Amino acid sequence: MVSSSRPAADTRPPRRLIVGITGATGVIYGVRLLQLLRDMPGVETHLMISDAGVLNLHQELEMRRKQVEALAHVVHNVRDIGAAIASGSFQSDGMIIAPCSMKTLASVANGLSDNLITRAADVVLKERRRLVLMVRETPFNLAHLRNMTSVTEMGGVIFPPLPGFYHRPQSIAEMVDHTLGRVLDLFAIQHTLTPRWNGLKAD
Ligand SMILES: Cc1cc2nc3c(=O)[nH]c(=O)nc-3n(C[C@H](O)[C@H](O)[C@H](O)COP(=O)(O)O)c2cc1C
(Lines of atoms letter the chains of each structure in order from A; the text may use other names.)
(Lines give C-alpha, C1' and ligand atoms only; values in the text may rest on other atoms or scores of the structure.)
Protein backbone atom coordinates (compact mmCIF):
# COMPACT_ATOMS: atom_id res chain seq x y z
CA MET A 1 0.00 0.00 0.00
CA VAL A 2 1.33 3.40 -0.91
CA SER A 3 0.65 6.28 1.43
CA SER A 4 1.54 9.92 1.02
CA SER A 5 0.87 13.00 3.11
CA ARG A 6 0.93 15.20 0.02
CA PRO A 7 -2.31 15.76 -1.85
CA ALA A 8 -2.30 14.41 -5.38
CA ALA A 9 -1.33 17.00 -7.96
CA ASP A 10 -4.33 18.40 -9.83
CA THR A 11 -3.75 17.10 -13.32
CA ARG A 12 -7.17 18.01 -14.65
CA PRO A 13 -7.05 20.17 -17.78
CA PRO A 14 -8.37 23.71 -17.34
CA ARG A 15 -11.99 24.41 -18.08
CA ARG A 16 -11.83 26.42 -21.26
CA LEU A 17 -14.51 28.97 -21.97
CA ILE A 18 -14.66 30.99 -25.17
CA VAL A 19 -16.05 34.50 -24.66
CA GLY A 20 -17.24 36.80 -27.44
CA ILE A 21 -18.13 40.46 -26.94
CA THR A 22 -20.18 41.96 -29.78
CA GLY A 23 -21.75 45.35 -30.50
CA ALA A 24 -25.06 45.06 -28.68
CA THR A 25 -25.59 47.31 -25.70
CA GLY A 26 -24.64 45.64 -22.42
CA VAL A 27 -20.90 45.07 -22.84
CA ILE A 28 -20.76 45.20 -19.05
CA TYR A 29 -21.94 41.57 -19.10
CA GLY A 30 -18.90 40.45 -21.09
CA VAL A 31 -16.46 42.49 -19.02
CA ARG A 32 -17.84 41.32 -15.69
CA LEU A 33 -17.92 37.72 -16.91
CA LEU A 34 -14.20 37.94 -17.72
CA GLN A 35 -13.48 39.44 -14.29
CA LEU A 36 -15.33 36.61 -12.58
CA LEU A 37 -13.71 33.85 -14.64
CA ARG A 38 -10.23 35.33 -14.20
CA ASP A 39 -10.51 34.83 -10.45
CA MET A 40 -11.68 31.23 -10.73
CA PRO A 41 -8.95 28.60 -10.43
CA GLY A 42 -8.83 26.07 -13.23
CA VAL A 43 -10.67 28.24 -15.76
CA GLU A 44 -9.05 29.46 -18.98
CA THR A 45 -10.80 32.12 -21.05
CA HIS A 46 -10.41 32.74 -24.77
CA LEU A 47 -11.63 36.19 -25.79
CA MET A 48 -12.65 37.88 -29.03
CA ILE A 49 -14.14 41.36 -29.33
CA SER A 50 -15.87 42.51 -32.52
CA ASP A 51 -15.23 45.99 -33.93
CA ALA A 52 -18.69 47.15 -32.83
CA GLY A 53 -17.99 45.61 -29.42
CA VAL A 54 -14.92 47.84 -29.10
CA LEU A 55 -17.08 50.89 -29.91
CA ASN A 56 -19.57 49.96 -27.21
CA LEU A 57 -16.85 49.30 -24.63
CA HIS A 58 -15.81 52.88 -25.11
CA GLN A 59 -19.35 54.26 -25.26
CA GLU A 60 -20.74 52.40 -22.25
CA LEU A 61 -17.77 51.77 -19.95
CA GLU A 62 -15.09 54.15 -21.23
CA MET A 63 -12.86 51.11 -21.62
CA ARG A 64 -10.27 50.46 -24.29
CA ARG A 65 -9.85 47.14 -26.06
CA LYS A 66 -6.53 46.43 -24.31
CA GLN A 67 -8.01 46.90 -20.85
CA VAL A 68 -10.64 44.29 -21.53
CA GLU A 69 -8.25 41.93 -23.28
CA ALA A 70 -6.05 42.04 -20.17
CA LEU A 71 -8.83 40.25 -18.30
CA ALA A 72 -8.62 37.15 -20.53
CA HIS A 73 -6.09 34.33 -20.50
CA VAL A 74 -5.92 34.10 -24.29
CA VAL A 75 -6.95 36.79 -26.79
CA HIS A 76 -7.85 36.14 -30.43
CA ASN A 77 -8.30 38.63 -33.25
CA VAL A 78 -11.87 38.46 -34.54
CA ARG A 79 -10.47 38.22 -38.09
CA ASP A 80 -8.03 35.39 -37.30
CA ILE A 81 -10.11 32.64 -38.82
CA GLY A 82 -7.12 30.29 -38.53
CA ALA A 83 -7.02 30.47 -34.70
CA ALA A 84 -7.14 27.28 -32.63
CA ILE A 85 -10.72 27.90 -31.51
CA ALA A 86 -11.85 27.81 -35.17
CA SER A 87 -11.35 24.03 -35.08
CA GLY A 88 -13.44 21.35 -33.42
CA SER A 89 -10.21 19.65 -32.34
CA PHE A 90 -9.73 22.48 -29.84
CA GLN A 91 -11.26 21.19 -26.61
CA SER A 92 -13.52 23.64 -24.82
CA ASP A 93 -16.42 23.59 -22.40
CA GLY A 94 -18.33 25.95 -24.65
CA MET A 95 -18.86 29.57 -25.47
CA ILE A 96 -20.69 32.63 -24.19
CA ILE A 97 -21.40 35.67 -26.37
CA ALA A 98 -22.04 38.54 -23.98
CA PRO A 99 -23.70 40.63 -25.24
CA CYS A 100 -24.81 39.13 -28.56
CA SER A 101 -26.00 41.49 -31.28
CA MET A 102 -28.79 40.59 -33.70
CA LYS A 103 -26.19 40.56 -36.47
CA THR A 104 -24.06 37.95 -34.70
CA LEU A 105 -27.20 36.00 -33.77
CA ALA A 106 -28.23 35.97 -37.45
CA SER A 107 -24.80 34.76 -38.50
CA VAL A 108 -24.78 31.95 -35.93
CA ALA A 109 -28.36 30.96 -36.75
CA ASN A 110 -27.47 30.61 -40.43
CA GLY A 111 -24.05 29.03 -40.05
CA LEU A 112 -22.24 31.86 -41.80
CA SER A 113 -18.97 31.68 -39.81
CA ASP A 114 -18.03 35.06 -41.25
CA ASN A 115 -15.60 35.98 -38.45
CA LEU A 116 -13.86 34.14 -35.60
CA ILE A 117 -16.71 34.77 -33.13
CA THR A 118 -19.33 33.20 -35.38
CA ARG A 119 -16.95 30.44 -36.55
CA ALA A 120 -16.15 29.52 -32.92
CA ALA A 121 -19.89 29.47 -32.14
CA ASP A 122 -20.48 27.29 -35.21
CA VAL A 123 -17.82 24.86 -33.98
CA VAL A 124 -19.29 24.76 -30.48
CA LEU A 125 -22.68 23.88 -31.97
CA LYS A 126 -21.33 21.22 -34.33
CA GLU A 127 -19.36 19.60 -31.51
CA ARG A 128 -22.53 19.63 -29.39
CA ARG A 129 -20.97 21.81 -26.71
CA ARG A 130 -22.69 24.52 -24.68
CA LEU A 131 -23.38 27.80 -26.53
CA VAL A 132 -24.99 30.67 -24.63
CA LEU A 133 -26.05 33.81 -26.51
CA MET A 134 -26.85 36.81 -24.32
CA VAL A 135 -28.90 38.36 -27.09
CA ARG A 136 -29.96 41.96 -26.70
CA GLU A 137 -32.43 43.98 -28.74
CA THR A 138 -35.85 45.42 -28.11
CA PRO A 139 -38.42 45.03 -29.53
CA PHE A 140 -37.71 41.95 -31.65
CA ASN A 141 -38.66 41.65 -35.29
CA LEU A 142 -39.62 38.34 -36.88
CA ALA A 143 -36.09 37.71 -38.19
CA HIS A 144 -34.70 38.04 -34.66
CA LEU A 145 -37.30 35.65 -33.30
CA ARG A 146 -36.76 33.13 -36.10
CA ASN A 147 -33.00 33.26 -35.60
CA MET A 148 -33.40 32.64 -31.88
CA THR A 149 -35.61 29.66 -32.68
CA SER A 150 -33.01 28.28 -35.10
CA VAL A 151 -30.21 28.53 -32.55
CA THR A 152 -32.41 26.86 -29.93
CA GLU A 153 -33.22 24.06 -32.36
CA MET A 154 -29.48 23.51 -32.86
CA GLY A 155 -28.96 23.18 -29.09
CA GLY A 156 -27.82 26.72 -28.26
CA VAL A 157 -29.18 28.61 -25.27
CA ILE A 158 -30.81 31.98 -25.87
CA PHE A 159 -30.16 33.94 -22.70
CA PRO A 160 -31.29 37.57 -22.95
CA PRO A 161 -29.94 39.52 -19.98
CA LEU A 162 -33.30 40.30 -18.43
CA PRO A 163 -32.94 41.23 -14.76
CA GLY A 164 -35.17 39.73 -12.10
CA PHE A 165 -36.45 41.96 -9.34
CA TYR A 166 -37.69 39.42 -6.80
CA HIS A 167 -34.35 39.52 -4.94
CA ARG A 168 -34.60 43.33 -4.72
CA PRO A 169 -31.31 44.34 -6.38
CA GLN A 170 -29.77 47.55 -5.03
CA SER A 171 -27.47 48.33 -7.94
CA ILE A 172 -26.73 47.65 -11.60
CA ALA A 173 -23.71 45.61 -10.48
CA GLU A 174 -25.98 43.37 -8.43
CA MET A 175 -28.34 42.89 -11.39
CA VAL A 176 -25.45 42.02 -13.67
CA ASP A 177 -23.96 39.52 -11.21
CA HIS A 178 -27.34 37.90 -10.65
CA THR A 179 -27.75 37.33 -14.37
CA LEU A 180 -24.17 36.10 -14.82
CA GLY A 181 -24.64 33.69 -11.94
CA ARG A 182 -27.37 32.03 -13.96
CA VAL A 183 -25.08 31.87 -16.97
CA LEU A 184 -22.33 30.19 -14.90
CA ASP A 185 -24.95 27.71 -13.66
CA LEU A 186 -25.34 26.55 -17.27
CA PHE A 187 -21.67 25.52 -17.23
CA ALA A 188 -21.88 24.00 -13.72
CA ILE A 189 -19.33 26.57 -12.50
CA GLN A 190 -19.59 27.11 -8.75
CA HIS A 191 -20.22 30.68 -7.58
CA THR A 192 -21.94 32.71 -4.90
CA LEU A 193 -23.34 35.43 -7.17
CA THR A 194 -26.94 34.34 -7.14
CA PRO A 195 -28.87 34.00 -3.94
CA ARG A 196 -30.70 30.68 -4.32
CA TRP A 197 -34.46 30.95 -4.21
CA ASN A 198 -35.89 29.28 -1.14
CA GLY A 199 -39.51 30.16 -1.73
CA LEU A 200 -41.55 33.16 -0.71
CA LYS A 201 -41.06 34.21 2.89
CA ALA A 202 -44.13 33.90 5.06
CA ASP A 203 -45.33 37.14 6.69
C1 LIG B 1 -24.26 52.29 -29.05
C2 LIG B 1 -24.75 51.12 -29.86
C3 LIG B 1 -25.65 50.24 -29.32
C4 LIG B 1 -26.11 49.15 -30.06
N5 LIG B 1 -26.98 48.28 -29.46
C6 LIG B 1 -27.39 47.19 -30.15
C7 LIG B 1 -28.23 46.23 -29.51
O8 LIG B 1 -28.61 46.36 -28.35
N9 LIG B 1 -28.56 45.13 -30.21
C10 LIG B 1 -28.12 44.91 -31.50
O11 LIG B 1 -28.45 43.87 -32.06
N12 LIG B 1 -27.34 45.82 -32.13
C13 LIG B 1 -26.96 46.94 -31.49
N14 LIG B 1 -26.13 47.85 -32.10
C15 LIG B 1 -25.78 47.65 -33.51
C16 LIG B 1 -24.62 46.67 -33.69
O17 LIG B 1 -23.46 47.17 -33.06
C18 LIG B 1 -24.36 46.46 -35.20
O19 LIG B 1 -25.44 45.75 -35.77
C20 LIG B 1 -23.08 45.76 -35.49
O21 LIG B 1 -22.96 45.58 -36.90
C22 LIG B 1 -22.98 44.43 -34.80
O23 LIG B 1 -21.78 43.79 -35.21
P24 LIG B 1 -21.14 42.60 -34.37
O25 LIG B 1 -22.21 41.61 -34.10
O26 LIG B 1 -20.07 42.05 -35.27
O27 LIG B 1 -20.57 43.19 -33.13
C28 LIG B 1 -25.67 48.95 -31.38
C29 LIG B 1 -24.75 49.85 -31.94
C30 LIG B 1 -24.29 50.92 -31.18
C31 LIG B 1 -23.29 51.86 -31.80
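Each Cβ is built from the backbone N, Cα and C atoms, and glycine gets one as well.
Annotations in TrEMBL come from automatic prediction, not curation.
Small disclaimer: the values here were computed from a predicted structure and weren't measured.
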Completion exercise
Cross-ref TrEMBL: FMN site Gly23, Ala24, Thr25, Ser101, Met102, Lys103, Thr104, Arg136; candidate in list Ser50, Ser171 matching that site is Ser50
Exercise for the section: Select one residue from Lys103, Arg136, Arg182: among these binding-site residues, choose the one with the most other Cβ atoms within 10 Å of its Cβ. Expected result: Arg136
Completion exercise
Of all C-alpha pairs drawn from the FMN-binding set Gly23, Ala24, Thr25, Ser50, Ser101, Met102, Lys103, Thr104, Arg136, the farthest apart lie at a distance in Å of 15
Exercise for the section: State the three-class DSSP label for Arg182 (dimethylallyl phosphate binding site), counting H, G and I as helix, E and B as strand, and everything else as coil. Expected result: helix
Problem - Length of the line joining the Cα atoms of Thr25 (FMN binding site) and Arg182 (dimethylallyl phosphate binding site), in Å - result: 19
Problem - Chain-internal residues, separated by at least six, CB under 8 A from Tyr166 (dimethylallyl phosphate binding site) - result: Trp197
